[in-house]
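As recorded in Swiss-Prot, the features of this protein are as follows:
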- 12-18, 40-42, 304, 330-332, 412-414: GTP binding site (BINDING)
- 13, 40: Mg(2+) binding site (BINDING)
- 13, 14, 15, 16, 38, 39, 40, 41, 128, 142, 223, 238, 302: IMP binding site (BINDING)
- 13: active site, proton acceptor (ACT_SITE)
- 41: active site, proton donor (ACT_SITE)
- 298, 299, 300, 301, 302, 303, 304: substrate binding site (BINDING)
């Protein structure tokens, strides 16, 4: 029984897809356990970029099983589009499995997402308008439609009719918006269900059988710990649990079967959307990091907010997600800076704190306390070991590990597979 969970430790976009792809080489099953197509991950294979939003990164290994777990909310339209994209690129999807217990995103979820966000005005959350939140709302309210329901024509029609009638009343009475047509949605989405039914199964059985047989299973999280609905910067969060604990709920695998948790972070910090960001940069250094790091959302295309590495955030993520190993990405983006900074604590009302406050009002008053380190000018994109890094870059990597309190297993100096350097094999240490 061998399993590893990959989680983002910041606000998403840390390079989880790249690390999952890297670790997938030694895994036999790769599974997603939460989120939806609001998450974007980019994988570079032989210099070619592949952008996925829903299907696990392991799909590029045809001999390995890729699982969309029950904790994922699935937009069938997006899924069918993504499958077609992969087929056009010559990628087989015969190894994909989708949980029959996963909930379905339908057009009324997306419309409600947009209307709710518009109604918030200046207090908007910064949602991707993918219908994720409303789909999880229906799940919690016990009125959601699952993949198993989507495949049953009569059940789907019955539940869609009830849900749509309720949502249309909401659209018309509360938001003065146009109602949606039952027949159009039913025909389109039932057809999508028929297109994906070959992949649908009880994925909890597949995952547990694999673990019981001694196979290596890799669990892939979406977003990041700081977007977790319980542990993140609420309410500027996603609607699910990206923390490692979300694996057990979102995959149907018990906590006793989780061995390692790899936290993925960048050598700096980025964030899409609104919400607290203590180390955010508004100067030319921030703009340089954004441009060099290509910090634009995979899903939205929006410019990401960027800032210095925040070890307070990272220690919070380590604690609430039980991180055992760290993967440090995008060190190369900091090349060329005379000085690099790491936030080691916050100043809250002239008192030094090293925890991440739950209160948004307190966070607004938090000022980062920085430790400055000398930068490096060298191009490090061709580095293939820690010893090859310039001394200042090497010291930066070591200091990050010390401040977070977790050993660094891999570090990356670019987006390619070959630019990921191993310091310690996660699989071998289990």
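Placed from the backbone N, Cα and C atoms, the Cβ positions cover glycine too.
It should be emphasised that the depicted structure is a prediction, and the values quoted were computed from it without experimental measurement.
What Swiss-Prot annotates, mapped onto the structure for a quick look.
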residue: 40; record: Mg(2+) binding site; DSSP (3 states): coil
residue: 128; record: IMP binding site; DSSP (3 states): coil
residue: 301; record: substrate binding site; DSSP (3 states): coil
residue: 331; record: GTP binding site; DSSP (3 states): helix
residue: 413; record: GTP binding site; DSSP (3 states): coil
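Cα spacing between residue 303 (substrate binding site) and residue 15 (GTP binding site): 16 Å, rounded to the nearest whole number. Checked against residue 302 (IMP binding site), the recorded positions 13, 18, 41, 42, 331 differ in C-alpha distance, with 13 being the nearest.
Of all the binding-site residues given, namely 128, 223, 300, those whose Cα is no farther than the 10 Å limit from the Cα of residue 40 (Mg(2+) binding site) are 223, 300. Within 10 Å of the Cβ of residue 40 (Mg(2+) binding site) there are 20 other Cβ atoms, across all protein chains. Residue 41 (active site, proton donor) is 8 Å away from residue 18 (GTP binding site) when you measure Cα to Cα.
Using a 10 Å Cα-Cα cut-off around residue 15 (GTP binding site), the binding-site residues 38, 128, 300, 301, 304 reduce to an empty set. DSSP assigns residue 15 (GTP binding site) to coil in the three-state reduction, placing it in neither a helix nor a strand.
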